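Here is the structure we will look at.
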Amino acid sequence: MKLMVKNAGVWFGFLVFLLGCTMFWQSLSLDYRSSIGPGPGLFPLWLSSALIILSLLYIAESVKKEVFRIADLIPKGRGLGNVVAILVSFVIFIVVVSFAGFVIAGTLLVFLLLVREYKWYKALGISFAIALITFVIFQTLLDVPLPVNDLGF
């Protein structure tokens, strides 16, 4: 039992199982059939059922075979710094995007990811270009509304 608690495969399978159960529960609120054929609840119901079954099979396989300890999967050193930088930059993006707009928040997000590998001025230029190109593609070409600031970007 103690080995199962430290087995990352069992934990991952359990999380996927919970995801499948949540999707299954949500799919029950959709119509399974409509007047012209399958309804919007058909695919979510069957796919979540398959996900539940596959997660249980994965848990059983994880218990029987290879044991991946959780401590072995966590990166160390520079890898851990990269993971933390990604998580922090996403949190900052989520906080900033609502009042600063997509271009500024996107520039900040990409800058925080690139500044570890590039000089700050190159990282800033690349970040601004990526955020601006993404904004133009989604806002203008695809007509997808993105959060903007008072200046319109």
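For all residues, glycine too, the Cβ spot is worked out from N, Cα and C.
Note: TrEMBL annotation is automatic and uncurated.
For 11-147, the entry in TrEMBL reads domain 'DUF1468'. Mean pLDDT across the domain 'DUF1468' (11-147) comes to 89 in this model.
Look at TrEMBL and you will find 45-63 (among others) tagged as transmembrane segment.
Same-chain neighbours of the transmembrane segment (84-114): 122-124, 126-128, 130-132, 134-135, 146-149, 151, 153, counting only residues six or more beyond its ends whose CB sits under 8 Å from a CB of the stretch. According to TrEMBL, the transmembrane segment annotation covers 84-114 (among others).
Annotated transmembrane segment per TrEMBL: 120-142 (among others), in sequence order.
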Report, as numbers and ranges, every residue of the chain located at least six residues beyond the transmembrane segment (120-142) whose Cβ falls under 8 Å of a Cβ in that stretch; write 'none' if there are none.
102-111, 114, 153
With DSSP helix as H/G/I and strand as E/B, how many residues of the domain 'DUF1468' (11-147) fall in helix, strand and coil?
102 helix, 5 strand, 30 coil
